[in-house]
Amino acid sequence: MESLLGFLALLLLWGAVAEGPAKKVLTLEGDLVLGGLFPVHQKGGPAEECGPVNEHRGIQRLEAMLFALDRINRDPHLLPGVRLGAHILDSCSKDTHALEQALDFVRASLSRGADGSRHICPDGSYATHSDAPTAVTGVIGGSYSDVSIQVANLLRLFQIPQISYASTSAKLSDKSRYDYFARTVPPDFFQAKAMAEILRFFNWTYVSTVASEGDYGETGIEAFELEARARNICVATSEKVGRAMSRAAFEGVVRALLQKPSARVAVLFTRSEDARELLAATQRLNASFTWVASDGWGALESVVAGSERAAEGAITIELASYPISDFASYFQSLDPWNNSRNPWFREFWEERFHCSFRQRDCAAHSLRAVPFEQESKIMFVVNAVYAMAHALHNMHRALCPNTTHLCDAMRPVNGRRLYKDFVLNVKFDAPFRPADTDDEVRFDRFGDGIGRYNIFTYLRAGSGRYRYQKVGYWAEGLTLDTSFIPWASPSAGPLPASRCSEPCLQNEVKSVQPGEVCCWLCIPCQPYEYRLDEFTCADCGLGYWPNASLTGCFELPQEYIRWGDAWAVGPVTIACLGALATLFVLGVFVRHNATPVVKASGRELCYILLGGVFLCYCMTFVFIAKPSTAVCTLRRLGLGTAFSVCYSALLTKTNRIARIFGGAREGAQRPRFISPASQVAICLALISGQLLIVAAWLVVEAPGTGKETAPERREVVTLRCNHRDASMLGSLAYNVLLIALCTLYAFKTRKCPENFNEAKFIGFTMYTTCIIWLAFLPIFYVTSSDYRVQTTTMCVSVSLSGSVVLGCLFAPKLHIILFQPQKNVVSHRAPTSRFGSAAPRASANLGQGSGSQFVPTVCNGREVVDSTTSSL
């Protein structure tokens with residue numbers, strides 16, 4: 001199989017040599033020869049292989065290899081007694097041309113087997129070649145990833161180790177395909193990771209990408225998109241730039257980027273020449289982007305020359321390196337007369353100084369007289385040459401321990417063993433490194449260098465000049481100093497935005513379509529919801545409310561009326577005044593307990609009635625107090641009881657009057673159960689009915705407190721008694737019955753003469769009470785959603801009910817007692833009853849305990865008896 005591959009390669013070689021024109025080759029004699037592959041020329045157009053001379057990536061890198069070889073050959077400690085030679089070719093920045101050139105590296109191997117043995121012809125003789133070159137021990141190069149991939153596929157067939165100084169495609173880490181390839185630079189996925197971290201650092205989540213055709217751009221942008229997706233960064237549009245695109249085609253790429261106005265950041269994974277053309281097209285179209293560019297752009301002045309305005313604000317990445325001052329001195333000392341070994345140097349000299357050797361006007365120029373910019377990967381070229389030299393040095397020590405020259409074990413060098421045992425295991429301090437730099441050259445198990453990057457921004461300096469400014473680095477993590485970035489400084493205002501959708505507010509969540517992570521609609525959470533995550537609102541639950549940051553919930557404080565609230569001040573003031581007034585009336589009645597007015601009023605029922613009124617006022621304090629089990633029990637017990645005390649006394653009083661006047665139709669016989677003791681007993685019996693109802697209510701629905709939240713006002717948690725408002729109605733139903741009966745009796749006695757005013761006052765009291773209750777009950781149930789209004793309504797209504805009784809029944813009596821004492825005497829009118837002597841007898845009987853006597857009068861068209869205190 002290997003002989004067949006060698007034969008096919010030989011045919012390809014002979015065909016290329018026979019048909020191709022003479023080519024330039026840099027050859028240095030040596031005991032061991034290292035191949036070199038550099039983009040001395042830029043890629044040409046459709047009609048030519050090669051373009052103009054590439055000063056930085058071509059000439060400088062090539063001279064860096066020669067510089068390193070000179071130093072190694074003069075080093076007595078590195079390969080002593082062994083001289084390294086070189087066989088350097090021009091790739092013209094094209095993979096196809098590089099593959100043709102690389103056939104030179106394998107020509108010497110075509111006459112030997114993979115293990116170094118010579119091929120035997122069918123007739124038994126050894127194969128010979130008239131111009132067979134010295135065998136290449138290893139190759140330094142190439143620059144571009146697609147070039148290295150093509151060359152690596154060829155070199156692996158002949159087990160020739162290859163160390164690249166600039167190829168960063170992640171494909172080259174695949175040791176199953178590129179098992180003789182190593183590099184002093186890291187693969188692109190480290191760079192892609194650094195670029196993705198930069199985007200996430202500035203919160204750029206929606207970007208466009210541009211990649212150069214070929215392995216460098218395509219695999220690089222694939223690695224970037226993978227890292228971007230892991231960080232929820234989306235790509236709005238992806239564009240490619242080709243090798244032979246026109247200016248109009250580059251402008252078309254810029255217009256395609258402009259079609260995504262939300263993606264203000266464009267990520268470039270392009271070659272330097274493609275980046276240069278893209279910037280020029282951007283400037284021609286007067287467009288503007290924030291560029292994040294790979295090391296293809298790096299910190300090269302040639303990329304931004306003439307397009308400074310379009311490049312301003314760009315963030316670029318470059319492999320971490322340092323300039324080699326010795327190389328700068330070496331390169332600036334070169335001229336066409338002392339550097340004749342480089343066959344391309346005269347061509348470079350002519351283009352650099354715009355002179356011609358034919359006209360003999362090039363001698364006056366010097367590289368020392370012009371600005372010098374050391375290409376960023378010079379360090380990696382030198383490290384690659386030194387890595388190969390150290391590997392050969394270690395191999396020589398292992399295989400040729402007793403000689404400083406090459407022994408038979410290294411004639412020829414076994415490429416497989418050189419790569420597997422020595423190149424991959426090499427480790428040494430980087431040559432020419434600054435004293436304060438800790439830089440070690442070594443390879444990982446994939447043959448890759450260690451990933452370290454410098455990060456630059458391109459900014460306008462003083463006097464309108466532009467320059468690159470280092471703003472950070474990446475070494476397994478991002479470190480940025482934004483103070484050097486003009487648009488990222490605090491005084492520059494908000495950062496440039498590059499996102500599909502604006503960030504949602506604190507109380508909003510994202511609503512995205514399946515598969516989308518960067519474009520969304522913002523949906524507000526309900527006031528009672530918190531943000532479970534950026535996509536979900538979650539209900540806090542009744543009694544809880546989201547915190548200020550909407551990251552969780554807290555338990556709402558329990559609301560209840562406090563003594564200092566405005567809702568409490570009014571009812572409490574009314575209740576205090578009413579209670580004082582009640583106590584005042586009670587005191588007056590006790591003081592004048594034996595007077596006719598007090599006696600005629602029915603002293604016992606009056607005191608019971610005053611007790612009920614006082615309870616009504618006291619209920620305000622019970623309802624304003626903080627709900628507790630004891631308070632809730634008092635509310636149930638006290639409200640209905642206070643009313644029942646009042647209305648039981650009034651019902652007993654009106655019933656007595658009605659029975660007294662109703663009995664006149666059958667004679668002046670004294671009605672039953674109208675004595676004070678009977679009246680008190682009847683009143684207490686009526687009150688006990690209410691107490692039984694309340695007791696049953698307390699048993700069926702045990703008192704306690706509970707938290708209540710209205711659906712329309714979930715932010716308010718009310719501490720309330722646990723009874724239902726409907727059950728309150730059942731408790732008050734009994735009092736409604738008492739009021740109805742009182743009102744009925746008051747209505748029946750409405751036509752009693754003016755000299756019997758007690759019935760009229762009771763009637764007026766009951767009519768007013770009915771109005772209050774008719775207004776109170778609807779208001780109480782309608783305002784159930786607002787505990788403050790409901791409680792205040794309850795307190796005021798109860799106090800009004802007591803005030804009506806106090807004002808309508810006791811105020812007239814109080815007026816006579818205090819201001820008209822002359823009327824507070826017994827009247828001695830003569831009886832005029834048609835019942836004759838019966839009246840005095842009845843009067844005597846009815847007057848017991850009340851000091852009154854019956855006198856005939858007319859009520860509802862009938863003759864009835866009247867109290868002696870008729871003026872009440």
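Cβ coordinates come from backbone N, Cα and C, glycine included.
In Swiss-Prot, Ser678 does not share a side of the membrane with Val789; the two are on opposite sides.
Between Cys553 and the candidates Cys537, Cys540, Swiss-Prot records the disulphide pairing with Cys540. When you check Swiss-Prot, the disulphide partner of Cys234 from the set Cys500, Cys504, Cys518, Cys519 turns out to be Cys518. The disulfide entry in Swiss-Prot for Cys355 points, among Cys362, Cys400, to Cys362. Listed in Swiss-Prot as the disulfide partner of Cys519, from the options Cys500, Cys504, Cys525, Cys537, is Cys500. Listed by Swiss-Prot as binding L-glutamate are Arg57, Arg61, Ser145, Ala166, Thr168, Lys377; the candidate from Asp274, Asp295, Asp481 that the record includes in that site is Asp295. For Cys504 (disulfide bond), the number of other Cβ atoms no farther than 10 Å from its own Cβ, over all displayed protein chains, is 19. Neighbour counts of Cβ atoms within 10 Å were compared for the recorded positions Thr168, Asn203, Asn402, and the top value is held by Thr168. Put simply, the two farthest-apart Cα atoms among Arg57, Arg61, Ser145, Ala166, Thr168, Asp295, Lys377, the recorded binders of L-glutamate, are 16 Å from each other.
Here the topological domain 'Extracellular' (784-793) is broken down by DSSP into helix, strand and coil counts: 9 helix, 0 strand, 1 coil.
Look at Arg61 (L-glutamate binding site): DSSP puts it in a helix. Here Asp295 (L-glutamate binding site) comes close to Thr168, Gln191, Thr316, Ile317, Glu318, Leu319, Ser376, Tyr453: these same-chain residues lie at least six apart in sequence, with C-beta atoms under 8 angstroms from its C-beta.
Remote same-chain residues near the transmembrane segment (761-783) are listed as 650, 653-654, 657, 725, 729, 732, 736, 739, 742-743, 745-747, 749-750, 789-790, 793-794, 797, 800-801, 804-805, 808-809, 812 (criterion: CB distance under 8 Å, separation of at least six residues from the stretch ends). In terms of C-alpha distance, the listed disulfide-bonded residues Cys50, Cys525, Cys632, Cys721 place Cys50 closest to Lys377 (L-glutamate binding site).
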